[in-house]
Amino acid sequence: MGCYSSKNLKQSKRTILEKPFVDIGKVYILGDELGQGQFGITRKCVEKTSGKTYACKTILKTNLKSREDEEAVKREIRIMKHLSGEPNIVEFKKAYEDRDSVHIVMEYCGGGELFKKIEALSKDGKSYSEKEAVEIIRPIVNVVKNCHYMGVMLRDLKPENFLLSSTDKNATVKAIDFGCSVFIEEGEVHRKFAGSAYYIAPEVLQGKYGKEADIWSAGIILYILLCGKPPFVTEPEAQMFSEIKSAKIDVDSESWKFIDVKAKHLVNRMLNRNPKERISAAEVLGHPWMKDGEASDKPIDGVVLSRLKQFRDMNKLKKVALKVIAANLSEEEIKGLKTLFTNIDTDKSGTITLEELKTGLTRLGSNLSKTEVEQLMEAADVDGNGTIDIDEFISATMHRYRLDRDDHVYQAFQHFDKDNDGHITKEELEMAMKEHGVGDEVSIKQIITEVDTDNDGKINFEEFRTMMRSGSSLQPQRELLPIK
């Protein structure tokens, strides 16, 4: 997936923004890292002249592999300028360029990720209510409505792309990432694959879509808010995509037992597989369930919040375990994978581009479609810079190739089992997860409950192995590599 081309582009001295270079360090004091994306890193910064705090997204030019990538950066800046002044969209300040990078300075959102708002609404052991779920989804849909009105299609709508303006309880929800966004005319059709797995619309998978795809993604976010997980989480990813295109959307199971019928009606309207029949953003905001006073203030089942945390943290646990496995592979074990990497990396740059991956897989006898290769690229490109380096390649290819080996899974298990007693306790899991900045006490407890099938309060090796081999967002497209 993703939004960028990967054709090689030789670095030139010409500017991307077509204006003089500026030393960003002379204008701002760059501080702590706030996050990383496909092109680069976002950091907190302070303007030297005013003392005001902003966020600075730094895009390394070496990560821009094609003219299309350069145009994508310029388009992101144009879109942010174009949308400036919208209440639920981060405010653009200025863009700078130096010899190595492009820097986009924007409003700093100090309240953290949108998920924190959900946690803040759930206090004293109670879950949030449908009315409070409306408070969360309304600004998201409002962003979609305003963007569509302004001729912009978002293409990668997901909770991670929204932050809170401050830590105040009445903080504003702000859309922060427009790297995948494009300008769009009414009725215009796009064909380029873009988006994120759980939230992607069926017509995007079919390669013919318009702005209605954003409504589907917003509908998935609402679905998660109401029942704690996306409607489609099947692995491998290819199977999940098949279900997105055709499987029944469940709003009748036990998870939905106490959800208002109006909420279910809205979800079904937003997740209509026919884009022409799908409800518009303006219609979503005018829906009876969304209007002030219509949604129930009765707390949603508390298990929903637990599921949300689990959904967020479980894959992170597996990623930590996968890193351990990859780091412990011997030179002999990865020799063949290194050779394969070298064969695919035809320009010997040390990274594999999308074009090289397509060509290499064809030579290996794969008949994957363009969309499937793009999905594979997205799955393997862990740091999101548009190419696959040797470590990412080994992690990706060894996933199918190594998880069947108990010794590799056991190495990961031992990383968590600090006292080597054959069990991972809550304390050991908490220690390891916090070491990697993942999870809190509640979600860690939930993970143990999920994985601990014999209910002894600990995770033994068999339970850990089952978890690692069960469906997760880490497995899918990596299994498409024709490696036996």
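Glycine is no exception: its Cβ is also placed from the backbone N, Cα and C atoms.
Database features (Swiss-Prot):
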BINDING   L34, G35, Q36, G37, Q38, F39, G40, I41, T42, K57  ATP binding site
BINDING   D345, D347, S349, T351, E356  Ca(2+) 1 binding site
BINDING   D381, D383, N385, T387, E392  Ca(2+) 2 binding site
BINDING   D417, D419, D421, H423, E428  Ca(2+) 3 binding site
BINDING   D452, D454, D456, K458, E463  Ca(2+) 4 binding site
DOMAIN    28-290  domain 'Protein kinase'
DOMAIN    332-367  domain 'EF-hand 1'
DOMAIN    368-403  domain 'EF-hand 2'
DOMAIN    404-439  domain 'EF-hand 3'
DOMAIN    444-474  domain 'EF-hand 4'
LIPID     G2  N-myristoyl glycine
MOD_RES   S196  phosphoserine
REGION    295-325  region 'Autoinhibitory domain'
Rounded to the nearest Å - Cα separation of D419 (Ca(2+) 3 binding site) and T42 (ATP binding site): 38
Neighbourhood of L34 (ATP binding site) by C-beta distance under 8 A, where only residues 6 or more apart in the same chain count: T42, R43, K44, A55
DSSP-assigned states of the domain 'EF-hand 3' (404-439) in counts, ordered helix, strand, coil: 21 helix, 2 strand, 13 coil
Distance, K458 (Ca(2+) 4 binding site) to D347 (Ca(2+) 1 binding site) (CA atoms, angstrom): 49
Number of helical, extended and coil residues in the domain 'EF-hand 4' (444-474), per DSSP: 17 helix, 2 strand, 12 coil
N385 (Ca(2+) 2 binding site): nearby binding-site residues from G40, S349, D417, D456, K458, Cα cut-off 10 Å: G40
Closest of G40, T387, E428 to K458 (Ca(2+) 4 binding site), Cα positions, binding-site residues only: E428
Spatial separation of T387 (Ca(2+) 2 binding site) from E356 (Ca(2+) 1 binding site) - C-alpha basis, Å: 10
Environment of D452, D454, D456, K458, E463, the listed Ca(2+) 4 site - residues of the same chain whose CB lies within 8 A of the CB centroid: H423, I448, V451, T453, N455, G457, I459, N460
Length of the line joining the Cα atoms of D417 (Ca(2+) 3 binding site) and E463 (Ca(2+) 4 binding site), in Å: 13
Local confidence of the region 'Autoinhibitory domain' (295-325) - pLDDT mean: 58
Residues near G40 (ATP binding site) in space but at least six apart in sequence (CB under 8 A): K57, T58, I59, L60, N63, S101, N385
Winner by Cβ contact number (other Cβ atoms within 10 Å) across the binding-site residues D345, E356, D381, D454: D381
